[in-house]
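Listed in Swiss-Prot for this protein:
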TOPO_DOM  1-28  topological domain 'Extracellular'
CARBOHYD  N5  N-linked glycosylation site
TRANSMEM  29-49  transmembrane segment
TOPO_DOM  50-56  topological domain 'Cytoplasmic'
TRANSMEM  57-77  transmembrane segment
TOPO_DOM  78-97  topological domain 'Extracellular'
DISULFID  C97-C179  disulfide bond
TRANSMEM  98-118  transmembrane segment
TOPO_DOM  119-143  topological domain 'Cytoplasmic'
TRANSMEM  144-164  transmembrane segment
TOPO_DOM  165-204  topological domain 'Extracellular'
TRANSMEM  205-225  transmembrane segment
TOPO_DOM  226-239  topological domain 'Cytoplasmic'
TRANSMEM  240-260  transmembrane segment
TOPO_DOM  261-272  topological domain 'Extracellular'
TRANSMEM  273-293  transmembrane segment
TOPO_DOM  294-309  topological domain 'Cytoplasmic'
Amino acid sequence: MTQINCTQVTEFILVGLTDRQELKMPLFVLFLSIYLFTVVGNLGLILLIRTDEKLNTPMYFFLSNLAFVDFCYSSVITPKMLGNFLYKQNSISFNACAAQLGCFLAFMTAECLLLASMAYDRYVAICNPLMYMVVMSPGICIQLVAAPHSYSILVALFHTILTFRLSYCHSNIVNHFYCDDMPLLRLTCSDTRFKQLWIFACAGIMFISSLLIVFVSYMFIISAILRMHSAEGRQKAFSTCGSHMLAVTIFYGTLIFMYLQPSSSHALDTDKMASVFYTVIIPMLNPLIYSLQNKEVKEALKKIIINKN
């Protein structure tokens, strides 16, 4: 990579979602409410799964890990965004920006791959129910969670090192509400061809492979459900997979909209709105999606409420 002699920036200024002062306090209240709901929803779901013996199954093991990732995912972005609504100059140090980008990439990648692991779990449950507890043994479940986390940490670390080894001297104003990759690359005075090639190769492999696992798993699941003779069995199978299908559709749909649209139609304001959806809204929605459509979770919650009363 060709470097240009210049003064390296020591901090970045985040433009944020809006520069209109009259909107900042209402947005602060809105996003604070969403974040509190996200924290309570995800940590509450983890606590519920850990304390109820009936939820001690592979499906809920994966769900508790997804809830943990959603909590961390949102916590990397939202607190800084809330601070940006309160301060006139929204600065973030060079090292803090690197840490935020690295953590964001790690948790986003982990969520993407965890959804694929959960799709495989649903495939085994529907297509091979008699062998479910054998195939999805505790050791296999741990591997299906550990592998996404290990891969995501390595990818995020390498990705972040590549990004912050570049020289930033054109400007230090990031047109976003957090340290994201593409807005940062617009500020560099280094050759970014290798970096961009790495982004597309790594993101393409991860996205296509995880999406392929989800797609193939659900093709087998739908085929198995359609072959069921009992209407009650089909309804139970669909209810088992419905929450995950909805979560997958929302998450991957947002990523496809965000990253696979033509570069000519890429607008920063559109990127910001899509980023708000998958960094703030999705972590809030997932506990609702998995709880409201899940009979066992609702029964466990009712049991806790009754015991307290």
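Heads up, the Cβ atoms here are built off N, Cα and C, so glycines get one too.
Beyond the ends of the transmembrane segment (57-77), by six or more residues, the same chain brings 35, 38-39, 41-43, 45-46, 49-50, 100, 103-104, 107-108, 110-111, 114-115, 117-118, 121-122, 125, 132-133, 136, 141, 144-145, 177-178, 240, 279-280, 282-284, 286-287, 290 to within a C-beta distance below 8 angstroms of the stretch. Note: the stretches the transmembrane segment (29-49) and the transmembrane segment (205-225) are not in contact (fewer than 3 CB pairs below 8 A, sequence gap of 6 or more). Cβ neighbour count for C179 (disulfide bond) (all protein chains, 10 Å cutoff from its Cβ): 27. For the recorded site, C179 (disulfide bond), the DSSP three-state label reads coil.
Residues 126, 293, 295 of the same chain sit 6 or more residues outside the topological domain 'Cytoplasmic' (226-239) yet have a Cβ under 8 Å from a Cβ within it. Here C97 (disulfide bond) comes close to E11, F12, F164, V174, C179, L184: these same-chain residues lie at least six apart in sequence, with C-beta atoms under 8 angstroms from its C-beta. Per DSSP, the topological domain 'Cytoplasmic' (294-309) is made up of 14 helix, 0 strand, 2 coil. Note on the topological domain 'Cytoplasmic' (294-309): residues 45, 48, 51-52, 54-55, 239, 243 of its chain, located 6 or more positions outside it, place their CB under 8 angstroms from a CB of the stretch.
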